[in-house]
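As structure tokens, the structure follows; a few thoughts come after it.
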Amino acid sequence: MSRLFGTDGVRGIANTELTAELAYNLGRAGAYVLTEGTHKPKILVAKDTRISGDMLEAALVAGILSVGAEAVCLGVVPTPAVAHLTRVYGADAGVMISASHNPVEYNGIKFFDDKGYKLSDDLEDEIQRVIESGFENVPSPTGANLGREIIEKAALEDYISFAKDTIGISLEGLRVALDCANGASHEAAVRAFRELGAEIFVINDNPDGTNINENCGSTHPEELMEYVVKKKCHMGFAFDGDADRCLAVDEQGNLVDGDFILTICAKYLKELGRLKDDTLVVTVMSNLGLMIACKNEKINTAVTKVGDRYVLEEMLAKGYSLGGEQSGHIIFLDHNSTGDGLVTALQVASIVKRTGKSLFELKNVMKVLPQVLVNAKVPNNMKNIHEEDEEIIAEIKKMEAALDGCGRVLIRPSGTEPLVRVMLEGENQAEIDEMAHNLAKMIEAKCN
């Protein structure tokens, strides 16, 4: 059997790929692997607003109860709430049922350990091994030893209180627009900003089970960009379906992506002496403009592979406090163990409030360099040709010399398709367009 777990848990089309049977098996195996067995284990379970969440929750909970563990159901809350509450409630593990920014027909199951971190590959593989073994040696308790389902009504309240406490300042006087993606932030974000005194204007906060992420939220911020200007707001925030990521919009309707948010927050935290080792953790896909801005502000950058799990690994290994991705996955490790959209939005709003500067002014710390991405079709067995072919290597060096430190060439093989992605950044859009297309053609020609 191929690997069940992807980069962010188990994901697939609900009821055909991610079936109730698979959810039951994951609940049963996960509860067995993630608990010590010396006490009655407690596992938190939450979901986003997808229609398939109820079906998968029922099956997952049944699996958890079948090995004698307690399932504590939190209802609809953001993914980062599960990470936070797993620690606060002293649970053995947490599970989120969500497919994040994906369309409604998809769903996913993601586990957190007792410290609120996503599982290691080894633990995920062990869960899969237990399922594939037919649950060999996994107990099937009876009578009083079966597990119980507990409904935790205070979960949302507890998470909102935590998020508000991360800024310690009133947001009175700020006009803030929120796009909740008809997802898990539709109560948490609205209540947090309102309770902190902001005047809020909300769109896409009416989930019906089928409209999550539908032309809204962080993957479609266009409506919010217009709405912020129309309502004369100081800023806006767009969340994805499970609210582990967030993008911002300034008062002029410009998108403020994860690179801008990271740079703004890093600069502010450094000034307060709260940016560990004056270092920001980013991925190779962050715009070169971020690197230049950080250099100007005397902020070090640690660069990882693409994926928030690699950002987190680097942060934990070195003790860094801030990291994230252009997509809006921002990790404030002093506050939470995973990307947290609401915490991110509140940090940005509090910086605007404390500095007295507009978001447009704050984002001027960084200038985005033009970026172009071209796909080159290559056979799966030739995805490293750019590292092996002498002519291609020479051409890349020539391009980098022409960009003269004000641009870069990055080639990334796709993990799922027979292609490599040729990315160039530089000051001249027309120049890098031509370079990228020429390099992609050269790579394709060498493969044929």
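From the backbone N, Cα and C atoms, a Cβ is placed for every residue, glycine too.
Keep in mind that what you see is a predicted model, and the values were worked out from it rather than measured.
What Swiss-Prot records for S100 is active site, phosphoserine intermediate, and it gives sequence analysis as the kind of evidence. S100 (active site, phosphoserine intermediate) falls outside any helix or strand according to DSSP and counts as coil.
Residues annotated as Mg(2+) binding site in Swiss-Prot, with sequence analysis given as evidence: S100, D240, D242, D244. DSSP assigns D240 (Mg(2+) binding site) to coil, not to a helix or a strand.
Around the Cβ of S100 (active site, phosphoserine intermediate), 28 further Cβ atoms fall within 10 Å across all displayed protein chains. According to Swiss-Prot, the feature phosphoserine maps to S100, an assignment based on sequence analysis.
Within the same chain, residues at least 6 positions away in sequence whose Cβ sits under 8 Å from that of D244 (Mg(2+) binding site) are P78, T79, P80, S100, H329, T338, G339, D340, G341.
The Cβ of D242 (Mg(2+) binding site) has 35 neighbouring Cβ atoms from other residues within 10 Å, across all protein chains displayed. Neighbour count (other Cβ atoms within 10 Å of the Cβ, all protein chains): 33 for D240 (Mg(2+) binding site).
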